[in-house]
Amino acid sequence: MASKNNVVFGDEENQLSGGTNRVQTCSSTPRKNTIDDEGKKPNFLSFSERLGVPDFFCLDVWRASMGELLGTAVLVFMLDTIVISTFESDTKMPNLIMSILIAVVITILLLAVVPVSGGHINPVISFSAALVGIISMSRAIIYIMAQCIGAILGALALRAVVSSSIEDTFSLGGCTVTIIAPGPNGPITLGLETAQALWLEIFCTFVFLFASIWMAYDHRQAKALGHVTVLSIVGVVLGLLVFISTTVTGKKGYGGAGINPARCLGPAIIRGGHLWDGHWIFWVGPTIGCVAFYVYTKIIPAKHFNAEYGYKHDFVGVVKALFGSNV
């Protein structure tokens with residue numbers, strides 16, 4: 001039976017209406033203790049239940065994470081291939097072509113992975129969903145680990161099919177803040193200042209969550225628009241952010257906002273070198289952006305976002321449960 005909570009990117013127990021291959025929840029929390037569809041206040045949940053500890057021991061959750069692993073592997077392979085091929089071509093606007101292709105690829109991959117695991121393929125979505133409470137923090141940790149492993153496999157696959165010269169020139173399409181280039185008086189550093197890159201990462205992550213993922217989290221919009229439309233919007237917004245971040249700076253050496261730490265991690269581990277320079281920005285920036293978006297969801301009127309009492313895995317609820325509060 002389809003759930004009334006039509007939340008895209010959500011827990012599999014609340015997956016798309018009419019969807020198939022939904023992973024059943026393994027939480028030991030009885031249904032009566034969770035927040036119902038009318039938003040009535042739930043009974044007290046323990047810290048382990050709020051945190052979703054049973055998910056660590058649930059085979060179906062680990063099986064679902066395979067969708068995240070393979071989806072992220074394909075994502076990294078495809079996106080990095082797009083980055084390399086567009087800049088290798090003779091087109092006058094490689095950034096625009098690259099952004100359009102990225103939007104199409106992301107939309108297709110999300111549509112493929114959503115019925116399996118919820119379709120995150122990005123630590124930003126998993127962490128944000130955990131903060132909001134759509135999935136448990138335990139499930140988010142499992143998904144993020146799978147995404148990072150998938151990104152490494154995707155980078156390995158790309159390295160196996162490109163020539164060494166292309167690998168050296170494009171650094172496997174990885175995320176770069178600066179590069180070392182030959183200059184008239186010796187090697188010079190090209191790229192973006194650390195502070196600028198960090199702010200871009202924060203802003204782009206917040207805009208990504210606010211302008212697209214918000215629709216997936218809000219069960220009303222997800223139901224009204226349909227998951228194909230919502231996921232298409234997600235792809236378009238990401239494509240626009242890639243285009244903006246790679247053109248507005250005009251800095252050679254800066255690879256644009258990552259907005260996906262796993263995608264940046266894969267090539268960095270496989271290729272190494274200067275890809276580690278400023279790599280922390282592609283983790284810290286999105287983390288701050290996710291927290292800022294979560295604060296936003298707590299500021300707006302509660303009934304404008306899901307139900308009056310939110311989700312059972314909401315981060316504030318987890319903290320309250322840690323200190324034994326039932327408020």
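Heads up, the Cβ atoms here are built off N, Cα and C, so glycines get one too.
TrEMBL does not curate its annotations; it predicts them automatically.
Taken from TrEMBL, the feature region 'Disordered' applies to 1-37.
Feature annotation from TrEMBL assigns compositional bias 'Polar residues' to 15-32.
Under the heading transmembrane segment, TrEMBL lists 69-87 (among others). Through the fold, the transmembrane segment (69-87) approaches residues 94-95, 97-98, 101-102, 105-106, 109, 112-113, 116-117, 119, 121-122, 146-151, 153-155, 157-158, 162, 166, 170, 172-174, 255, 260, 262-263, 266-267 of its own chain, all at least 6 residues removed from its boundaries and within a Cβ separation under 8 Å.
The transmembrane segment annotation in TrEMBL covers 96-114 (among others).
Long-range Cβ contacts of the transmembrane segment (144-162) within its own chain (Cβ-Cβ under 8 Å, at least 6 residues beyond either end) map to 65-66, 68-77, 80-81, 84, 120-123, 126-127, 172-174, 262-263, 265-267, 269-271. Annotation comment: TrEMBL describes 144-162 (among others) as transmembrane segment.
When Cβ-Cβ distances below 8 Å are used as the criterion, the transmembrane segment (197-217) is approached by residues 7-10, 124-125, 128-129, 132, 134, 177, 191, 225, 230-231, 233-234, 236-238, 241, 244-245, 249, 254, 257-259, 278, 281-282, 284-286, 288-290, 292-293, 296-297, 305-306 of the same chain, each at least six residues removed from its ends. Sequence annotations record features per position, and here TrEMBL assigns transmembrane segment to 197-217 (among others).
Tertiary proximity for the transmembrane segment (224-244) is limited to same-chain residues at least six positions away from its ends with a CB under 8 Å from its CB atoms, namely 6, 8, 16, 95-96, 98-100, 102-107, 110-111, 114, 119, 204, 207-208, 211-213, 215-216, 256-257, 259. Among the features that TrEMBL reports, transmembrane segment is placed at 224-244 (among others).
Beyond its flanks by at least six residues, the transmembrane segment (280-297) meets 123-124, 127-128, 131-132, 175, 177, 194, 197-206, 208-210, 217, 257-261, 264-265, 305, 315 of its own chain at Cβ-Cβ distances under 8 Å. The annotation transmembrane segment is assigned in TrEMBL to 280-297 (among others).
Note on the transmembrane segment (96-114): residues 8-9, 15-16, 19, 67-68, 71, 74-75, 78-79, 82-83, 86-87, 89, 120-121, 227-228, 231-232, 234-236, 238-240, 242-243, 246 of its chain, located 6 or more positions outside it, place their CB under 8 angstroms from a CB of the stretch.
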